[in-house]
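Input: a single structure, listed below in structure tokens.
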Amino acid sequence: MLAYGSDPNAEDLYITMTPSVSTENDTTVWATEEPAAIVWRHPLLAIALFSICLLTVAGNCLVVIAVCTKKYLRNPTGYLIISLAIADLIVGVIVMPMNSLFEIANHTWLFGLMMCDVFHAMDILASTASIWNLCVISLDRYMAGQDPIGYRDKVSKRRILMAILSVWVLSAILSFPGIIWWRTSSPHLYEDQSQCLFTDSKMYVSFSSLVSFYIPLFLILFAYGKVYIIATRHSKGMRMGIKTVSIKKRNGKKSNTETESILSSENEPTLRIHFGRGKQSSSSLRNSRFHARESTRLLLKQVSCKSLNDRGEHNNNNTVRQPLLRGTEGCHSDSISRSSQRNFRGRNVTIGSNCSSTLLQVDQPDRMSLSSNSQMVMTSPLSTRRKLNVREKSRQMMRYVHEQRAARTLSIVVGAFILCWTPFFVFTPLTAFCESCFSNKETIFTFVTWAGHLNSMLNPLIYSRFSRDFRRAFKQILTCQRQQKVKTAFKTPLSLVFTQLISVTQMWEQPPNTSIE
């Protein structure tokens, strides 16, 4: 029999389902031993909850498809995002639908005690895997920011897959064996089959909260704190147009390396690298222009000195081929004039003067075009040798810039996870140690649980909003577009020189000038 009414203890409309009965000799005989009534809450609640489930499943499936099908997303961070999306899919496919039915039935469990244990185990598995995946992602971002050049050597596909496997093994150990613990430590929770209550064992709640949330949360905050410090230092260097380099000092037979801040002394080496079309306030760079292939303008290092001896082959095509720039002597400020472009084929450019030695070596890159008014200036003294594979370093710097752009999106994902799950992992231990502290414990538990579940729906929305690569991938998948090759502004071998971050200054186009000031 169905009856519609209003629960006196709740504001929601409900539908009451009662078992069929028969009357014999003024005696009521129930046809089943199930609970006498199931209160179904308002249908709009069901529509809302199952819409959340559908969005969660669809969004995370889209993330998995995007990373698997788009080459530009298949990187170590992309594999971690797939692992995170799988954890969110578990929430959307198993945990959220069962919890939705539990809410719609007005907190009446319909699936039996065994499925209640499976429900809690899958919930713990997914939430633990999510935060540990985010922890690995944050450590990955920290390593990429600390050592962008050596990052690709340290973080391989095999190591990332091993880290992902470790995350899931840890999550499974914490969740499914916990069923035995729950039944042993909390047998009173299994007396009523219409209820699905989580264990109140203080030891398990404390241990699981520590491993599932607080330890990875500490590692995440530590890693992103370091990332923030590194990014702040680099952004300051970019605004100043200065890059810190390592200085090697030799005292007799012993040699030690010291890294010093360029901003602290005028006698320390300063490297400025500029490209773009914006105006430069400095008069020494105003008329400088460097053409690298077709689209990138790069103003290379400037070195002021008295004399320049170039032992190179001069051609009439006014180009510079594969320069090997080597300054062997530092010098005082003076001007260098050039009336035409020159061609150096694997030769040295020797800067001679009476100052302390300065050495700069760049391995031979591809063909470039150097305009007649371009300058190369590096302040003296600099006593170090840097041998760089410029093509490879340029590619690595392109990846680094791309990864740093992705780091912002991932930091938002981490922030959303912390905001969504912190209430649950604060409330659950409190209720285990102080049952009388909350008068409406069931309502609060429902709220904090669904706040955590909503995080699984938010992640794909964050990707589509803050990640240009994911937004493009989602658009291509949903509209059945073929992947188009993306043009990049960093295609020249010397587009990014000298590792890590550089000073970027834009300059307006100026007519060629035959002299350098």
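Glycine residues also receive a Cβ, built from the backbone N, Cα and C atoms like all the rest.
The feature topological domain 'Extracellular' is assigned by Swiss-Prot to 1-46 (among others), with sequence analysis given as support.
Annotated N-linked glycosylation site per Swiss-Prot: Asn25 (among others), in sequence order.
Annotation comment: Swiss-Prot describes 47-67 (among others) as transmembrane segment. Counting only same-chain residues 6+ beyond the ends of the transmembrane segment (47-67), those with a CB under 8 A from a CB of the stretch are 73-74, 78-79, 81-82, 85-86, 88-89, 91-93, 96-97, 100, 103-104, 453-454, 456-457, 459-461, 463, 470, 473-474, 477-478.
Look at Swiss-Prot and you will find 68-77 (among others) tagged as topological domain 'Cytoplasmic', backed by sequence analysis. Confidence annotation: the topological domain 'Cytoplasmic' (68-77) carries a mean pLDDT of 88 in the model.
Among the features that Swiss-Prot reports, transmembrane segment is placed at 78-98 (among others), with the record citing sequence analysis.
The topological domain 'Extracellular' annotation in Swiss-Prot covers 99-108 (among others).
Classification of Asn106 (N-linked glycosylation site) by DSSP places it in coil, neither helical nor stranded. Here Swiss-Prot flags Asn106 (among others) as N-linked glycosylation site, drawing on sequence analysis.
The transmembrane segment annotation in Swiss-Prot covers 109-129 (among others) and rests on sequence analysis. Within its own chain, the transmembrane segment (109-129) has Cβ neighbours under 8 Å at 38, 83-84, 86-88, 90-91, 94-95, 98-99, 101-102, 167-168, 170-172, 174-176, 178-179, 182-183, 190, 193-196, 198-199, 208, 211-212, 421, 452, 456, counting only residues six or more beyond its boundaries.
The topological domain 'Cytoplasmic' annotation in Swiss-Prot covers 130-159 (among others), and the record cites sequence analysis as its basis.
As annotated by Swiss-Prot, transmembrane segment applies to 160-180 (among others), with the evidence given as sequence analysis.
Under the heading topological domain 'Extracellular', Swiss-Prot lists 181-209 (among others). For the topological domain 'Extracellular' (181-209), the DSSP counts in helix, strand and coil order read 17 helix, 0 strand, 12 coil.
Among the features that Swiss-Prot reports, transmembrane segment is placed at 210-230 (among others). Beyond its flanks by at least six residues, the transmembrane segment (210-230) meets 124, 127-128, 131-132, 134-135, 138-139, 141-142, 145-146, 170, 174, 407, 411, 414, 418, 421-422, 425 of its own chain at Cβ-Cβ distances under 8 Å.
Among the features that Swiss-Prot reports, topological domain 'Cytoplasmic' is placed at 231-409 (among others), with the record citing sequence analysis.
Here Swiss-Prot flags 309-339 as region 'Disordered'.
Sequence annotations record features per position, and here Swiss-Prot assigns transmembrane segment to 410-430 (among others).
Per-class residue totals from DSSP over the topological domain 'Extracellular' (431-442), listed helix then strand then coil: 8 helix, 0 strand, 4 coil. Taken from Swiss-Prot, the feature topological domain 'Extracellular' covers 431-442 (among others), and the record attributes it to sequence analysis.
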Let's check the environment of Asn106 (N-linked glycosylation site): how many other CB atoms sit within 10 Å of its CB?
18
Looking only at residues six or more beyond either end of the transmembrane segment (443-463), which have a C-beta under 8 A from one in the stretch?
52, 55-56, 59-60, 62-63, 81, 84-85, 87-88, 91-92, 95-96, 99, 103, 107, 126-127, 130, 409, 412-413, 416-417, 420-421, 423-424, 427-428, 431, 470-471, 474
Please count the residues of the topological domain 'Cytoplasmic' (68-77) that DSSP assigns to helix (H, G, I), strand (E, B) and coil.
7 helix, 0 strand, 3 coil
